[in-house]
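Encoded as structure tokens, the structure appears first; notes follow it.
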Amino acid sequence: MPLVCLTDFEAHAREQLSKSTWDFIEGGADDCLTRDDNIAAFKKIRLRPRYLKDVSKVDTRTTIQGEEISTPICIAPTGFHCLAWPDGEMSTARAAQAAGICYITSTYASCSLEDIVATAPGGLRWFQLYVHPNRQLNKQLIQKVESLGFKALVITVDVPKIGNRRHNITNQVNLMKNLLLKDLGSPEKGNLMPYLQMSPIDSSICWDDLSWFQSMTRLPIILKGILTKEDAELAVKHNVHGIIVSNHGGRQLDEVPASIDALTEVVAAVKGKIEVYLDGGIRTGNDVLKALALGAKCVFLGRPILWGLAYKAAGRLTRSVGT
């Protein structure tokens, strides 16, 4: 039976993936209220249709940070794509290149940055950074992505501590058993570092640290995880180039606003001075339309990309993060 919408791909992925892998991908923080609100909030918004407009020719192209994309629907940073398909992020990069859209590669990619670039050399790529306590390591990684042709640096700001994801605790998820972080190697020895336990996130990062990042790269800096007008105003004040309105797919701090509910105040706060994007809860074309109508320049998809990879793997692969 053909899969005709994202809901079908979601159901198919759930059948194909192991329980621990599914729980890891779908899990949210605490009671998962924000995760679920991300989807429900879109359904509360109604369209005001205007007719008798010539729509015989439709052009969905737009630009983000000066680079053209075929449509304002791009790929958010999610980690460990090899859990859903052996080629992992390489397949994701190839698909993004073929579609003419932007792919934000995660710090927690399960393929090396070199392999991702080599498999889709013409693709538009941004790099998402979890700030490491070791400044030299951050510098090394940023210089690497810049040399590899990534076009923007996306700094995730909503993870001073990893969210309380109960399913991962219940399943005793241990990604270190399966995966190595290919790009966070020791600056001195160049060796690989196991995921998570040996790649901590800097919980001391603050607004004043942005100038340090700006001093070392020519890449535009995008802040991912902004939900309030106050932080949006500070982002403009600190001369960043864009904001991704996001609550990390409900995986970080539960009981915060749905992304689409936070979008309007962020857009109003920046007053058109920087581009604003959105992720979280987007499941239909109408959802995309609503986000654009409320001021987003582009939307980014997270979990649905992994569902698509799982469909590619159907019948040939069952991967588990717990074994």
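Cβ atoms are placed via backbone N, Cα and C, with glycine included.
TrEMBL annotations:
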ACT_SITE  H248  active site, proton acceptor
BINDING   77-79, S106, Q128, Y130, T156, K224, S246, 279-283, 302-303  FMN binding site
BINDING   R165, H248, R251  glyoxylate binding site
DOMAIN    1-323  domain 'FMN hydroxy acid dehydrogenase'
Q.
Whole-number answer please: how many Å between the C-alpha atoms of G280 (FMN binding site) and R165 (glyoxylate binding site)?
A. 17
Q: Quick one: pull the CA-CA distance for P77 (FMN binding site) versus R251 (glyoxylate binding site), whole Å only.
A: 13
Q.
Around the C-beta of H248 (active site, proton acceptor), how many further C-beta atoms are within 10 angstroms, looking at every protein chain?
A. 24
**Q.** Nearest recorded site to T156 (FMN binding site) by CA-CA distance, among recorded positions R165, H248, R251
**A.** H248
**Q.** G302 (FMN binding site), number of other Cβ atoms within 10 Å
**A.** 22
(Q) Using a Cβ cut-off under 8 Å and a sequence separation of 6 or more, which residues in the same chain sit near R165 (glyoxylate binding site)? (A) G27, G28, A29, R251
Q. Which of the binding-site residues G79, I282, G302 has its Cα nearest to the Cα of the residue listed as 'active site, proton acceptor'?
A. G302
(Q) Taking only the residues in the domain 'FMN hydroxy acid dehydrogenase' (1-323), give me the average pLDDT of this model. (A) 88
Q.
Among all protein chains shown, how many Cβ atoms are found within 10 Å of the Cβ of Q128 (FMN binding site), not counting that one?
A. 24
Q. Of all the binding-site residues here, G79, G280, which one's CB has the most other CB atoms within 10 A?
A. G280
Q: For T156 (FMN binding site), list the number of other Cβ atoms lying within 10 Å of its Cβ atom.
A: 22
**Q.** For I282 (FMN binding site), the number of other Cβ atoms found within 10 Å of its own Cβ
**A.** 27
Q) The record names R165, H248, R251 as the residues that bind glyoxylate; what is their largest Cα to Cα distance in Å? A) 12
Q: Determine the Cβ neighbour count for R251 (glyoxylate binding site): the number of other Cβ atoms within 10 Å of its Cβ.
A: 23
Q. What are the non-local neighbours of S246 (FMN binding site), defined as same-chain residues 6+ apart in sequence with CB under 8 A from its CB?
A. A76, D158, K224, G225, I226, L227, S259, L278, D279, G280
